[in-house]
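Feature annotations, reproduced from TrEMBL:
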- B:21-44: transmembrane segment (TRANSMEM)
- B:76-104: transmembrane segment (TRANSMEM)
- B:80-290: domain 'ABC transmembrane type-1' (DOMAIN)
- B:116-135: transmembrane segment (TRANSMEM)
- B:155-178: transmembrane segment (TRANSMEM)
- B:199-220: transmembrane segment (TRANSMEM)
- B:271-290: transmembrane segment (TRANSMEM)
Amino acid sequence: MMEITEKYIKKIETPVALKTQDLAVYYGDKKAFAEGTIEFPQHQITALIGPSGCGKSTFLRSLNRMNDGIARVEGQILYHGLDINNDQINIYELRKHIGMVFQHPNPFYKSIRENITYALKYHGVKDQSVLDQKVKESLQAVALWDEVKDSLDKNGKQLSGGQQQRLCIARAIAMEPDILLLDEPTSGLDPVSTRKVEDTLQELKQKYTIIIVTHNMQQASRSSDYTVFFNLGQIVEFDETSQIFTAPHVQMTEDYVSGNFG
Amino acid sequence: MDDIKQKLLSKSKQTTEDRRGKILCYACLSLIIVLIVSILYFIINRGTATFTQNYLSLTQFLTGKQWNPGHHQIGALPMIVTSFLVTILAAILATPFAIGVAIFMTEYAPRKGTKALRAVIELLVGIPSVVYGYIGLMVVVPLVRKLIGGTGFGILAGTLVLFVMILPTVISLTADSLKAIPVSYRQAALALGATKWQAIYKIVLRAALPGILTAIIFGMTRAFGEALAVQMVIGNAVLMPEGLGTPTATLTSQLTSQMGNTVLGTVSNNALWSLALVLLLMSLVFNLLIRVITREGVIK
């Protein structure tokens, strides 16, 4: 792995939701990601950008242990002062607090209602009125309620791509997580749907800390507060988004955001 | 210029070659269609002769319990009932095991284990039914005799033999349908804090339901049509089954055991063709069922 010498990591003054310390991820013997030390500010949107294969998805998937059994993680990921890779951590409880939305919309083969109540039910919510309320609230939060309120028993698969993705976000936030991880959530969507998802995220950041991987630079610049630039399996720069896209501290970042990469 | 025009308008070697290939395919297809149509015609023609030429009653055939075609008694109900009973019982018995093994193969087993298991299952499919029947006769029948008394021949023995015979089919088809469920479904469930089992039980199995039902019906088709192995353990007496251990007969076992004893054109022979017609219609029903199930959106 080539070592990048010039790096810039901004120190966060506001409350921190999640923090990684010297994080390194290995696939077998191969090091996919190294030396990630970063703090994610609470109730802000942080975008992770960088070329394909730079380790940003690997990094993201480590944050709620979706890499378990696939990759080996070294270093620390601190959430409420606890290292989440600790053996004693209940990963089912952890994933309730750190939710995730994937690249391709993946609603379950169930009704819209059941897509949302599925996880709530096995986490012990039984009261039907509470469940109904949750369905309504989470669909309202992603601005999908008005579109589907009369067809909650329709199969989630019958929605359009953009609606499916918003359903997946609704499903994740129904668990009321602290942190929401999104892995290129709009890469398969048209511009209109993309916009709706972005607007949704802006609403959601009042309550949640959002970390989003994106390939779309405009998306990062218009909808995030902080940006992390990854390259060659390392974090090159972390700063406020406005700073990164106008006057980054590192030359490599400047080359990437201005399109002069390589 | 004219040269090119000439070339473009003339027939080339490729044109004839292409036509030859097409003709070959169509010829093969026509031959097979003729074959299938004549088989169908023959079965339907002979199978209905019992009612159209021998003037025996269809109601008697479907509801009567006396089977003695030589004396114009053609009550096939015991055979129909037994056929359905062994088929359904075998499917009920096989389904949980098949789903369990298929889940193990697709979700839990390491790659090597899955491969080994696949090989064993394919081997099981390849064993001739007479071998299953022989094992049934030598092992299952005495066991049933010990367990519930009687001769040991009958529905229970037939069910047990069929259970083993359809298991590999149902397992491999179920495993295929589980494998076809995108990994992202499982990930989505895990990311919501589900355990692996919750993800499998509520999400993967649910999404694979049409495929699993298809697998079960394929197994039932096989069980319904199996003749030799069943004939060896069912007892071959055309009697209404009175329990799990009384000798009886299925449509197929009656066909295999009696077909050498009749002469073409006689009532006894026509009656057997009618049994064959019932089998044909049933396999048609099974096929239609599979089509309906696999059609998008039927199972919500």
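Glycine too: its Cβ is placed from the backbone N, Cα and C atoms.
Just so you know, TrEMBL annotations are computer predictions that nobody has curated.
The transmembrane segment (B:271-290) makes contact with the transmembrane segment (B:76-104): 3 or more of their CB pairs lie within 8 A, with pairs spaced 6 or more apart in sequence. With a threshold of 8 Å between CB atoms, the same-chain residues lying at least 6 positions outside the transmembrane segment (B:155-178) that come near it are 82, 85-87, 89-91, 93-95, 97-99, 101-103, 105-107, 118, 121-122, 124-125, 129, 132-133, 135-136, 140-141, 144, 148, 204-205, 208, 210-212, 214-216, 218-220, 222-223, 226, 229-230, 233-234, 241, 243-246, 248, 250.
Counting only same-chain residues 6+ beyond the ends of the transmembrane segment (B:76-104), those with a CB under 8 A from a CB of the stretch are 61-65, 67, 117, 155, 158-160, 162-163, 165-167, 170-172, 174-175, 178, 200, 205, 212, 215-216, 219-220, 223-224, 230, 234, 238-241, 248-252, 254, 271, 274-275, 278, 282.
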